[in-house]
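Chemist: Sharing a structure, written as structure tokens. Questions coming.
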Amino acid sequence: MFSCTKAYEYQNYSALKRACLRRKVLFEDPHFPASDDSLYYKGTPGPTVRWKRPFDICDDPRLFVDGISSHDLHQGQVGNCWFVAACSSLASRESLWQKVIPDWKEQEWNPEKPDSYAGIFHFNFWRFGEWVDVVVDDRLPTVNNQLIYCHSNSKNEFWCAPVEKAYAKLAGCYQALDGGNTADALVDFTGGVSEPIDLTEGDLATDEAKRSQLFERVLKVHSRGGLISASIKAMTAADMETRLACGLVKGHAYAVTDVRKVRLGHGLLAFFKSEKLDMIRLRNPWGERVWTGPWSDTSEEWQKVSKSEREKMGVTVQDDGEFWMTYEDMCRYFTDIIKCRLINTSYLSIHKTWEEARLRGAWTRHEDPQQNRSGGCINHKDTFFQNPQYIFEVKKPEDEVLICIQQRPKRSTRREGKGENLAIGFDIYKVEENRQYRMHSLQHKAASSIYINSRSVFLRTELPEGRYVIIPTTFEPGHTGELLLRVFTDVPSNCRELRLDEPPRTCWSSLCGYPQQVTQVHVLGAAGLKDSSTGANSYVIIKCEGEKVRSAVQRGTSTPEYNVKGIFYRKKLSQPITVQVWNNRVLKDEFLGQVHLKTAPDDLQDLHSLHLQDRSGRQPSDLPGIVAVRVLCSASLTAV
């Protein structure tokens with residue numbers, strides 16, 4: 001994964017460290033200096049900040065003291081509980097934090113070799129489709145010899161402070177981390193995809209079955225190494241950081257550090273009882289103000305759990321900000337969950353393997369409608385199709401598809417007043433099985449995301465077999481920015497961008513001809529087909545000028561619904577389009593009949609019910625069956 005890591009600001013960690021050791025100096029980062037510019041992008045600085053190296057703060061600095069734990073972290077003066085909550089989640093996953101903090105043993109202070117320390121660290125973050133290696137020096141902002149931002153329980157443990165500094169460097173300054181989104185940090189730590197869940201939507205509070213399904217999904221993400229966060233929405237500025245009677249805090253991001261089904265009871269009998277309780281462990285980045293309801297640290301409910309089970313769960317009575325609660329109570333009090341899924345693309349895994357397609361694009365403005373790529377959402381029908389378009393295929397009868405679009409992070413532009421995200425989203429349309437060019441008219445909408453001014457938008461949906469077009473858009477037309485599209489399917493989806501509006505003219509066009517007409521054929525279904533006692537196993541083939549489109553087989557019915565479309569750019573208008581119906585058999589497929597379609601340039605999408613004919617164009621009495629077809633035809637190749 002990290003062989004393709006890109007050096008941020010072209011700073012090579014190894015080369016910089018070697019140069020410092022050779023010159024016997026401590027590294028000073030020219031790209032993120034120890035100055036107010038690295039602290040603030042606006043406003044008046046507070047108390048005088050002194051930048052100090054760890055050995056100026058304590059006698060025996062360490063990256064880690066007794067390993068790394070979610071208990072290590074405490075939020076500082078900047079309002080970035082979202083980042084600290086993400087760090088708490090990261091600390092609970094060794095395989096993940098060792099990717100963010102590479103070669104940590106080499107970066108650790110070595111008391112036996114003090115001359116090997118050069119005051120330089122580096123950390124890896126996933127940013128807009130690639131891993132970047134961020135170099136920082138070890139000068140940290142302090143007031144009265146105390147770290148003013150993220151810090152550890154132990155005064156001589158420092159891993160979280162330089163990680164935060166590297167993340168602030170990416171954002172432009174520490175102040176740019178104020179008021180962020182936990183989902184963004186979780187993605188930046190893992191390269192996964194974040195799925196936000198609104199616990200107030202639908203009837204989760206009252207529907208036990210839906211609640212149980214969601215718990216299983218949360219448990220699955222946690223058990224497969226994903227990261228999870230939860231929060232209580234603050235509806236007004238006055239609500240921010242308000243403490244509820246139960247001890248929870250509004251507008252605060254909590255890290256989910258464990259998810260499990262807890263066995264109730266004592267002794268051998270407990271192993272044979274089926275009673276288990278769905279429970280969640282969370283942590284407040286402040287390290288205090290914890291849950292005081294049922295199953296809190298000193299709650300009598302813990303008497304229902306055996307001592308061995310409590311030890312296995314790590315239940316302690318400490319004011320460390322970590323606490324257990326039932327999943328039911330979590331759904332009652334919390335309003336939002338963020339699941340960061342680590343998408344498994346390894347063929348060697350025992351778990352489900354996904355195929356990922358990753359494409360970059362952009363919303364760009366242009367006066368020419370055919371070159372404009374910033375058309376806004378579907379509300380703007382005149383310009384909607386002037387957006388980037390991406391086509392992909394679902395090759396199974398039905399497949400779960402994960403789709404995420406991300407806009408380039410903008411925190412680093414806050415200094416110029418440009419740090420706000422665009423409102424973005426996307427629609428997915430089922431299109432013709434042979435489409436190769438951009439859409440110009442509406443087709444069946446298969447799914448759509450919400451529109452929100454967040455860095456990324458995610459959708460998980462089930463799609464039947466076929467070809468689809470994703471149209472990612474900004475909410476309003478005319479807005480510009482870069483985008484990253486990620487599509488995950490069970491088998492390769494052949495996802496690619498549609499760039500051309502119509503077939504290109506080449507040097508052969510004058511010899512072989514150029515299309516004069518575009519025709520869309522939509523075969524909806526059939527009725528009254530010749531069948532056996534179990535019904536026909538039929539499919540259709542649409543033929544036009546040597547090109548074929550075939551539907552899936554519809555089994556065991558004489559009234560199949562094919563719902564298959566083909567689009568054809570036609571040169572020989574006198575040749576009819578043929579729709580053939582076949583019966584799928586073991587040895588040889590059986591021809592059931594066909595119809596010929598003759599079109600005119602002004603044909604609309606009228607529904608035609610046509611009787612099947614034999615190959616000679618006759619309609620014998622022993623050839624039953626009717627095919628329902630819609631045809632759309634135009635002399636303008638960009639009409640469909």
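A Cβ is built for glycine as well, from the same backbone N, Cα and C atoms used for every other residue.
The shown structure was predicted, so the numbers you read here are calculated from the model rather than taken from an experiment.
So Swiss-Prot lists these for the protein:
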- 26-343: domain 'Calpain catalytic' (DOMAIN)
- Cys81: active site (ACT_SITE)
- His252: active site (ACT_SITE)
- Asn284: active site (ACT_SITE)
- 344-496: region 'Domain III' (REGION)
- 499-617: domain 'C2' (DOMAIN)
Chemist: Rounded to a whole angstrom, what is the C-alpha distance between His252 (active site) and Asn284 (active site)?
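Modeler: Distance (Cα to Cα, whole Å): 8 Å.
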Chemist: Please spell out the DSSP helix, strand and coil residue counts for the domain 'C2' (499-617).
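Modeler: Summed over the domain 'C2' (499-617), the classes give 4 helix, 55 strand, 60 coil.
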Chemist: Could you tell me the C-alpha distance between Asn284 (active site) and Cys81 (active site) in angstrom, no decimals?
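Modeler: Cα-Cα distance, Asn284 (active site) to Cys81 (active site): 9 Å.
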Chemist: Quick one: give me the count of other CB atoms within 10 A of the CB of Cys81 (active site).
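Modeler: 24, counting other Cβ atoms within 10 Å of Cys81 (active site).
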Chemist: Near Asn284 (active site), how many other Cβ atoms are within 10 Å of its Cβ?
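Modeler: Total other Cβ atoms inside 10 Å, all chains included: 26.
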Chemist: Taking the Cβ of His252 (active site) as the centre, how many other Cβ atoms fall within a 10 Å radius?
Modeler: 22
Chemist: Taking every residue in the region 'Domain III' (344-496), what is their average pLDDT?
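Modeler: Across the residues of the region 'Domain III' (344-496) the model's pLDDT averages 92 on the 0 to 100 scale.
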